[in-house]
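**Student:** So that we are looking at the same thing, I have put the structure below in structure tokens.
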Amino acid sequence: MKKNDFEPKLCHNTQDFLTSRGKENMRILHTMLRVGDLERSIKFYTEVLGMRLLRRSENEQYKYSLAFLGYADESESAVIELTYNWGVESYELGTAYGHIALGVDDIYQTIEDVRAAGGNITREPGPVLGGTTVIAFAEDPDGYKIEFIENKNAQAALGN
């Protein structure tokens, strides 16, 4: 298949789009992040970002622990999977990963909450260059970037 053989078309009805391709049961389930301190990361995502700890598991044989967090149950929404590989305290994040984006009602208060919890704010709240969508950026305890978008601007930020 050549690069231009597949030209995606803009589709505003997700179910129609998926059904037309025989993929009606496909959806994003989770995004996995490797963390150096599982308890610290759970605390950040629950206490600072307001997610719920949905479930945890341990794998003795392969020496790792998992925690799944989100704003809704896994059956309803994509969630974050935090993976702690026993004995690994940090990871090289590389340059391929971009960020997680979260819609928030009050971006200024959210950033103050992240700052008060010791979070690293990498872009203060404000409109994107040349636009009106209000965004901010911070990093979680492992250095993963998180973009915050004010909910009233979230659809515009998605290109809708």
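All positions are counted from 1 along the displayed chain.
Yeah, the Cβs are placed from backbone N, Cα and C, and that goes for glycine too.
Relevant sequence annotations retrieved from TrEMBL are reproduced here:
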type     : residues             : note
DOMAIN   : 27-151               : domain 'VOC'
BINDING  : Glu81, His99, Glu147 : Zn(2+) binding site
ACT_SITE : Glu147               : active site, proton donor/acceptor
**Student:** Suppose we draw a 10 Å sphere around the Cβ of His99 (Zn(2+) binding site). How many other Cβ atoms does it contain, all chains included?
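**Tutor:** His99 (Zn(2+) binding site): 14 neighbouring Cβ atoms within 10 Å.
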**Student:** Provide the three-state DSSP residue tally for the domain 'VOC' (27-151): helix first, then strand, then coil.
**Tutor:** 22 helix, 52 strand, 51 coil
**Student:** Long-range same-chain neighbours of Glu147 (Zn(2+) binding site), Cβ under 8 Å, sequence gap at least 6?
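**Tutor:** Looking at Cβ-Cβ distances below 8 Å from Glu147 (Zn(2+) binding site), excluding near sequence neighbours, one finds His99, Ile100, Ala101, Leu102, Ile135, Ala136, Phe137.
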**Student:** Inside 10 Å of the Cβ of Glu81 (Zn(2+) binding site), count up the other Cβ atoms and send me the figure.
**Tutor:** 18
**Student:** Taking only the residues in the domain 'VOC' (27-151), give me the average pLDDT of this model.
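**Tutor:** Average per-residue pLDDT within the domain 'VOC' (27-151): 95.
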